[in-house]
């Protein structure tokens, strides 16, 4: 069987089309003949279905660089798992952007309409732009050629937590606000802060900045609100600026990003608490009625600028840890708005 | 009871010495009287044992900055856990350098010789120089004022893994070396690489660079050794330079650091494999006789330059993950030599 490499396409005849496309989903039909991507031809070589492409066997295709090793490893793995898949080239699949392979549900192929996974192939040392995440699966090939699949999806975050908190006064210390004799709902119902003891609650700077902006907290001579305020009635006072300035002093721009994400979570009915013990910005509780009945926190949230580029190893670390503590890893990507991207381990 | 703040020491009389030092281990005796650190005086105030220091109660001591909130929180927590402890000041304790509190075993105090923990207090946002780790416990106060204790100790790493590998040829691809029909011991006994299938083993660049330097592997026209070589007989040939150069191309200086740590582990009888799935550089097996009987890997190793400064959150993430997968987190700090520092969660 004659296969010739023509630029980045391997041309084959109608007999090859019958054997490889019609029955096993390799390549793309062109005028009754078959076009194969080099990675597909290398896989056919590897299986012994064809002997060579332009005189090159699998070994030579890889050694020459005509076929990338990471692409080949992922292609082979997905075939080994029983999937048919098509290289994501313009004209070969719908919406080829941002991914390398379109994978069909088991038992289906390029002649069907369904898609199981859109797969982006990544080497362990390749940066992954945050904008590339969502609606694709990453197939990460590590330095020892082992594969890790990560499913990435955009999502919303919402909950039913909502508690009015009466006005409270606090003292701004270096990196926290201390409230002596605060109203009980502050901690017990709304789950702000951490108790020093029965008589005092410590707020983080981000909690304090949010509460001051909401007109609930007053520090350093700002006026406390002495009535419940709906969360839409924002006050510029109460020390909100002083707290945010302190936050920027100790965290830089990161503080504003975290405050925006914190506020978005609270406004969506979700209670964010520190994720420090999990190496994240926040862990979240979707349905808090009382701290006596908290339940399990559902998400770990890491706040990042939208133009962040991930190292795959950092992604693997976050996702592995979240999985181990039965939470879901969510990245809050902050630009003009906030995009929430969930990343989970995937076994195709 | 009269207590006066004199610079950074609170002076108290002999009656205070009897009440607070003799029976409860606060402060340091000076000429029969008592010196207290402000954090100790603040704690006595907080407990109601004294009313004020120079007219200031706990709240005012904290608000004025006379006592740091993070120091106070850690001091209080350790007292709550039943420990006596002494601020690590010159002349107050032996070797005060690098730590904030010297903590005595439960039931003992400053009049005894034993030390349970040497504690360094760290705010979540403080950098921790790698050189500060080892022989101390970190008490990290996170933004919500919760405490995480991390025990840090220098250690050695050693094992019994040792297997001779006959000479092998490989092909250098972009970020890996592919060995077709390699000798069986390469993978099965010595646990180098990852099998593509029965007939091929893929080596990482760091594995390949080590094997080439050992004279076992030859790539790209380097001469393969066709006899077993003891690991002391180094060869500069076999493509070692080409592989290391490729490593530097894709990883920069990090490659040389990782190669040194890889070699130190192999030379110590420990098999390092990629730690990618755990977000680390290596996971290690101390006693490999055959890949058919591998057992559990014991350590996760992260390679860092010795002048690295940790963010406490990254430390918390690594240690939490390692604990979750029943491994021990070890940092390999690379300078002229390699220092191994183990970090584990601690519940005092």
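Any Cβ shown, glycine's included, is placed from N, Cα and C.
Matching A:220-243, A:244-267, A:268-291 against TrEMBL, the residues noted as region 'Disordered' span A:220-243. According to DSSP, residue A:285 (active site) is assigned to a strand segment.
Spatially close to residue A:327 (active site) yet at least six residues away along the chain are A:278, A:283, A:296, A:297, A:298, A:299, A:300, judged by Cβ distances under 8 angstroms. Here the active-site residues are A:285, A:296; the one with the fewest Cβ atoms within 10 Å of its Cβ is A:296.
Assigned with DSSP, the residues of the domain 'tRNA intron endonuclease catalytic' (A:255-337) fall into helix, strand and coil as follows: 32 helix, 24 strand, 27 coil. Helix, strand and coil content of the domain 'tRNA intron endonuclease N-terminal' (A:1-61), in residues and according to DSSP, is 23 helix, 16 strand, 22 coil.
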